[in-house]
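Visitor: Sharing the feature lines straight out of TrEMBL:
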type: DOMAIN; residues: 52-120; note: domain 'SH2'
type: DOMAIN; residues: 207-257; note: domain 'Phorbol-ester/DAG-type'
type: DOMAIN; residues: 270-461; note: domain 'Rho-GAP'
Amino acid sequence: SFSLSTSISDAEEYQPPIWKSYLYQLQQEAPRPKRIICPREVENRPKYYGREFHGIISREQADEILAGVEGAYILRESQRQPGCYTLALRFGNQTLNYRLFYDGKHFVGEKRFESIHDLVTDGLITLYIETKASEYISKMTTNPIYEHIGYATLLREKVSRRLSRTKNESRKASVTSEENTPVEKITSLVRRAALTQNDNHFNYEKAHNFKVHTFRGPHWCEYCANFMWGLIAQGVRCSDCGLNVHKQCSKYVPNDCQPDLKRIKRVYCCDLTTLVKAHNTQRPMVVDSCIREIEARGLKSEGLYRVSGFTEHIEDVKMAFDRDGDKADISANIYPDINIIAGALKLYFRDLPIPVITYDTYSKFIEAAKISNPDERLEAIHEVLMLLPAAHYETLRYLMIHLKKVTLHEKENFMNAENLGIVFGPTLMRPPEDSTLATLNDMRYQKLIVQILIENEDVLF
């Protein structure tokens, strides 16, 4: 659907793909709404309907009123079910009747509208496009521009050169934060492709976080390059990376979300994979920062991870990470009590929307813990570890190496693998269904899993 001269070596000369305008033209051609006003004053007219309300009339009468005027519409009360309202709309030389609802907004299906006029406008566009282009729409996803990301390789050298200049900074920032550079002007599609192709990028899979979105002004789908039609809720947008696609195209988009730091508002309570991809790190930087600090000055601290830090100070650390990211200062000058840093790390794990040991793998870990033969149990745990998403696996591996170091100072800190298992079991794994009974029953297995992971980290990871 588009071509690019291979002689182009620079982002400045980058030509975006040609967006397909067929559906846009159809939207322009769609019939416009024509409100047919009732000539008489209607009693008991609902206050949220206007003069297009014709009271209790039959389908046949509605058909006569609308006859021959494409896009004409009226509202009526049902003869068979008083108190139920119907939108009668003329389209394709016939009168279509839709049950109409109101809950502060008007709707006949999923989409909700401020006014009847908007609802009819959107309905006519949809009817017109789906009538004229149903076959075209069904084939929209078959040859997507998304799979032609080859054109991004032309940007690769340019972007890599720029990235290598800022080796010590987050590589993602160097592409997105240089305002007004040519790279900034290219579409998000290419930006993501250029990043994906950067060798230093941690290639964790991440699904897009699509939410229904209303686009102001014309928008084209970044998957199939077709226009997104309609007045509201024309498609979906990934709230982590900003990818805009048709709802039907979203099913085909690969799990290659590259979160944009500008969209990630906080560090705590953020999905683990989303956070590491946004910061382009192997593990959440909270984990790295806290562990670095604890290993520098706290390994011999009595009751490390078991003794609670002051809650208010732990909240301060959380706010510092949310506000300043990896620039957060958690040094001894500000937080002399190491238990505050340990508490902030545990809180990070507790706040994760999906625990480090994911809901999907939870029951498999519990089953593995119940095996009585130690060698078979270790084998089973290793198999389940392989099922964890890459970012979760890497975070767990790093934490276990750290906790093993903690146990080497057991003489001073009184924390062995079993004690740490008691502390970290419920922090790292939670049952998918929130049942107190399941949690109580599983607690000894949660403890055992973490204990085994610590004791055998060199074999298991």
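Please read every residue number as a count from 1 along the shown chain.
Here the Cβ of each residue, glycine as well, is placed from N, Cα and C on the backbone.
Note that TrEMBL annotation is computational and uncurated.
Computed from a predicted structure; not experimentally measured.
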Visitor: Report the DSSP secondary-structure composition of the domain 'SH2' (52-120) as helix, strand and coil residue counts.
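Guide: Its residues fall into 13 helix, 29 strand, 27 coil.
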Visitor: Which residue counts does DSSP yield for the domain 'Phorbol-ester/DAG-type' (207-257) in the helix, strand and coil classes, in that order?
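Guide: DSSP composition of the domain 'Phorbol-ester/DAG-type' (207-257): 4 helix, 14 strand, 33 coil.
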Visitor: Just to confirm my parser: what is the rounded mean pLDDT across the domain 'Phorbol-ester/DAG-type' (207-257)?
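Guide: Reported value for the domain 'Phorbol-ester/DAG-type' (207-257) is a mean pLDDT of 91.
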